[in-house]
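**Q** Structure in C-alpha cells, see below.
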C-alpha cells in the first residue's frame, strides 16, 4: 500500500471519530441545558465524547506524517458530511435538499482532492525543516503573514472592528503556522519510528513542538471569541475554506508539495477544493435546530434507558452546532454551556 493511502485512511477515520464525538457532546450539552441538572462535564457520556475527540485528533496528527498537508487538510469535509448524517439519523435533525446536494458536492470534491493532490512530499527530517525555515520563499511568506496579522490585530483590538472575515483570517494565519509545525513534528516522529534516523535529538524538533502548542492555543482563543459573536452556520464554511487555503499554502511554500505536479492535476485539485467548499457551505447553511423531544423519545426506547424525564423548551443557543465545533479548530474546540 502506498504511504499516502495510509495517511488518507487515518485522516478519514480520525475525522469520522471527531464527528461522532462532537454529536455526543452536542447531545450532552443540550440535554443538560434543558434538564437543568449537573454540569455537562459530570456526564460520563460527555467524557466518552472527549475520548473519541482525542483519538480522532491523534489520528489527524499522525496522518500528516504519512501524506502531504495539502491532501490531509481538505479531508476535514469528511467530518462535516459525517456530522450532518449523524445529526439526521441520531439527533433527528431535518434532512434538507441542500444537505443532499452539499454532501454530493463535498464527496465529489473530496474524490478530486484525493485523486489529483500531490501524493508524496519530501521526507520530513530535522535538517529539511531547518533548511525550509531559512529559505527565502518561506521567509517572504512568513513576513507577509506577520504584517497582515499585525494589521488585522490593530483593526480588531484598536479600531474595534469585529467582522467575521477579520476573525477567520486571523485564525487562518495561525492555522498556517499550526499545519507547518504539526507536519514537522509528526513527520520527524514518523521518521524516527521508521528507524531511518533518530530525529528527536535535534533542538528543532522541540522548537517546532513549542510553536505547535502556542499556535494551537491562540487559534482556539480567537475561535472561541468568534463563536461568541457569530452564528455557527457562518463560521463553519468560512473557516473551512480559509483553513484549507492556509494549509495548502503552507504545503506549497514550506514543504514544496506541488513541485513537479502537472498543470492538469493542479487545475483538477483547485476544482476539487471549490466543489468541497461549496458542499460545506450548503451543508452548514442555516442548520435546523434539533427536535430534542424526539431525541429523548428515541433514547428512551433504548433498553435500560428511562424515558420519564420531562422535556422542556428547546435551547435557543446556536453554539451547539456540531459542525462548528469541528471546523473551527483542527485540535477540537468544545462549546461551553451558556
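Placement of Cβ uses the backbone N, Cα and C atoms for every residue, glycine included.
Below, the features straight out of TrEMBL:
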type	residues	note
TRANSMEM	5-24	transmembrane segment
TRANSMEM	45-66	transmembrane segment
TRANSMEM	72-91	transmembrane segment
TRANSMEM	100-118	transmembrane segment
TRANSMEM	138-156	transmembrane segment
TRANSMEM	163-184	transmembrane segment
TRANSMEM	204-223	transmembrane segment
TRANSMEM	235-255	transmembrane segment
TRANSMEM	261-284	transmembrane segment
**Q** Short question: most Cβ pairs under 8 Å with the transmembrane segment (5-24), which of 45-66, 100-118, 138-156, 204-223?
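**A** The stretch with the most contacts is 45-66.
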**Q** Take the transmembrane segment (261-284) and find every residue of the same chain, 6 or more past its ends, with a Cβ under 8 Å from one of its Cβ atoms.
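**A** Distant Cβ neighbours of the transmembrane segment (261-284) are 70, 74, 77, 80-81, 84, 98-99, 101-113, 115-118, 232-233, 236-237, 240-241, 244, 248, 323-324, 327.
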**Q** Give residue numbers and ranges for long-range contacts of the transmembrane segment (163-184): same chain, 6 or more residues beyond its ends, CB-CB under 8 A.
**A** 61, 64-65, 69, 73, 124, 129, 145, 148-149, 152-153, 155-156, 204-205, 208-209, 211-212, 215-216, 218-219, 222-223, 225-226, 229-230, 234-235, 238-239, 242-243, 245-247, 249-251, 254-255, 328, 330-331
**Q** Take the C-beta pairs under 8 A between the transmembrane segment (235-255) and each of 45-66, 72-91, 138-156. Which stretch has the highest count?
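**A** Selected stretch: 72-91, with the most Cβ pairs under 8 Å.
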